[in-house]
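Listed in TrEMBL:
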TRANSMEM  34-55  transmembrane segment
DOMAIN    90-257  domain 'Glycosyltransferase RgtA/B/C/D-like'
TRANSMEM  113-132  transmembrane segment
TRANSMEM  138-158  transmembrane segment
TRANSMEM  167-186  transmembrane segment
TRANSMEM  198-229  transmembrane segment
TRANSMEM  241-261  transmembrane segment
TRANSMEM  293-317  transmembrane segment
TRANSMEM  324-343  transmembrane segment
TRANSMEM  349-372  transmembrane segment
TRANSMEM  379-406  transmembrane segment
TRANSMEM  412-429  transmembrane segment
TRANSMEM  441-463  transmembrane segment
Amino acid sequence: MPDHAVAAGAPDASAAASGSAPGGQVAAPRRLPLYAYLILAVLSVGLFLPGFFTLPPFDRDEARFAQSSSQMLDSGNYVDIRFQDEARYKKPVGIYWLQSAATALAGGPKEIWTYRIPSLIGATLAVLASAWTASRLFGGTVGFLAGLMMASCVVLGVEARMAKTDAVLLATVVIGQAALAHLYLTRREGRDGRGPALVFWIAAGLGILVKGPIVFLVSGTTALVLSLWEREVRWLKRLRPLAGLGIVAAIAAPWLIAIAIKSNGAFFAESVGHDMMGKVAGGQEGKGLPPGYYLGTFWVTFAPWSLLALLAVPWAWAKRRVEAVRFCIAWIVPSWLVFEAVPTKLLHYTLPVFPAVAALSAAAAVDWFAAAEPGRRRILFGVAAALGVLGFAALVLAVAVIPYLVDGRVDAVGLAMVPVVLALFALFLRSVARRRRIPAFAAGLAAAALLYAGTYGAVLPAIDGVWVSRQAARLVEAAHPCPDSIVASAGYSEPSLVFLLGTHTKLVHGGDAAGHLLAGGACALALVEQKEEAPFRAALGGREPVSLGGIAGFNYNTGKRLRLTLYRLS
């Protein structure tokens, strides 16, 4: 029978891992105080805000989500989801409702940052929920450190700044897992589990409305592995599955029924048949990658804390009989294996397991990875440090080099940031090696904070070449012949262009762009990519277009450079 750790936290990781306090008693719970959550909330927002208002819309998912939410707000149709005239049925409606509500409350002109508000809130809630869960598993110190690690890891920082589903989904996943952890750890104590069960099913219902059944992938595999490991399934009755499924249905079914009627079943054919099953059966959108991809990219996505996760592996294995550790292993391993097995791979897909990674890493760090023998620990530290440096240094150097590769210029902020950030990371490594916990986490946090402030706040917004749609929008604004001018874009069809220029923007080929000018008179504009110039001019039938300016840039989705010219007819 496994050791019973703690149901609601422990004074420290060592006590939690042994299952007892001094005198042989079960470790007394120590909850994370309210002020610690306030510190984490302020810290999270501070880390997430650089670039939040100034970064243009990213292609392609962010721009598609934001534009569809904008059209939902404009049309007043909160059932159907549209991108221009095309049905957008890949994801459920939850994120569109949240983005529309945030934008309506924020008011003002159409700005991408208002559509990012749900992601900012979702990421912050995910940090707080991660801290809450880890504190219940391993004690307040571990909970605070796990929250800090989540707030400052690379991938959550990216998702907090993008108007997409993943930060909000993560919040629902972690809240559901927190409830599941409580039910698992208190299963022998005779406690009433109705409250946690209610939280679990509400989180599941909201998660389904945001991104479909992914939330059940994580909780379902966790519960399955725990039941097999314990050779016991009776504890799952505490979830009250029949009543719980009724709660999920009450949350998600009204819209699912409405969209099924509205779309004549097309939503399910697209979202389940094409989007979800397409990702399972083969790599969608050129994203088919082999197993091991997430393990290889983990050194960047969980940076700067990735090396702590590797150091925690022997500790977690040695403590696997401890129920708190066992829960985290069941949370991480099966979901990770599923993500690695699915051909379609994107960097953020493993984000739902990162709170458990953070909890184990923090718990092992507080215990100073005591399970490993000193000799093996030194070898493991050398490997982890080398991989950690490789991933983090590559990220820092990329930020400094990209402005030169794209715009042909040296960014002073990016260049100045490199030695300072790497010095802080070196201090982090040194402090870990010397078992100085507070300096280690302070240095790691400082390295991450400086990197994100410089990257998102200064370097990325200034790279004109990657923000082709922003350049185009500025060109159109300067040349606008009429208040209601409509642009036809030939050869460049990124969704961010539609978001910035308006719903009526036409994404066409060269001949159709010429037809738009001929039919629209002096108010019509055409944005033509160099490869579409010949068919564009041929379709004009001898009429000479007037150039209003040109732009050049790099399309990071296609990996190609492009040159665009804005035209009107004389």
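Yeah, the Cβs are placed from backbone N, Cα and C, and that goes for glycine too.
Across 113-132, 198-229, 293-317, 441-463, the stretch most heavily in contact with the transmembrane segment (349-372), judged by Cβ pairs under 8 Å, is 293-317. The stretch with the most CB contacts under 8 Å to the transmembrane segment (441-463), chosen from 113-132, 138-158, 293-317, is 138-158. Counted over residue pairs separated by six or more positions, the transmembrane segment (198-229) shares fewer than 3 Cβ pairs under 8 angstroms with the transmembrane segment (113-132), which leaves the two as not touching. Per-residue pLDDT, averaged along the domain 'Glycosyltransferase RgtA/B/C/D-like' (90-257), amounts to 96 for this model.
Sequence-distant contacts of the transmembrane segment (379-406), counting only residues of its own chain at least 6 positions beyond either end whose CB sits under 8 Å from a CB of the stretch, comprise 154, 298-300, 303-304, 306-308, 310-311, 314, 372, 414-415, 417-418, 421-422, 425, 429, 432-433, 447, 451, 454-455, 459-460, 462-463, 465-466, 553-554. Between the transmembrane segment (293-317) and the transmembrane segment (241-261) there are fewer than 3 Cβ pairs closer than 8 Å, counting only residues 6 or more apart in sequence, so the two stretches are not in contact. Taking Cβ pairs closer than 8 Å, the transmembrane segment (167-186) reaches residues 4-8, 94-95, 98, 118-123, 125-126, 129-130, 132-133, 136-137, 156, 159-160, 193, 196-197, 199-200, 203-204, 206-207, 210-211, 214-215, 218-219, 222-223, 226, 235, 238-239, 323-324, 327, 331, 351-352, 355-356 in its own chain, all 6 or more past its ends.
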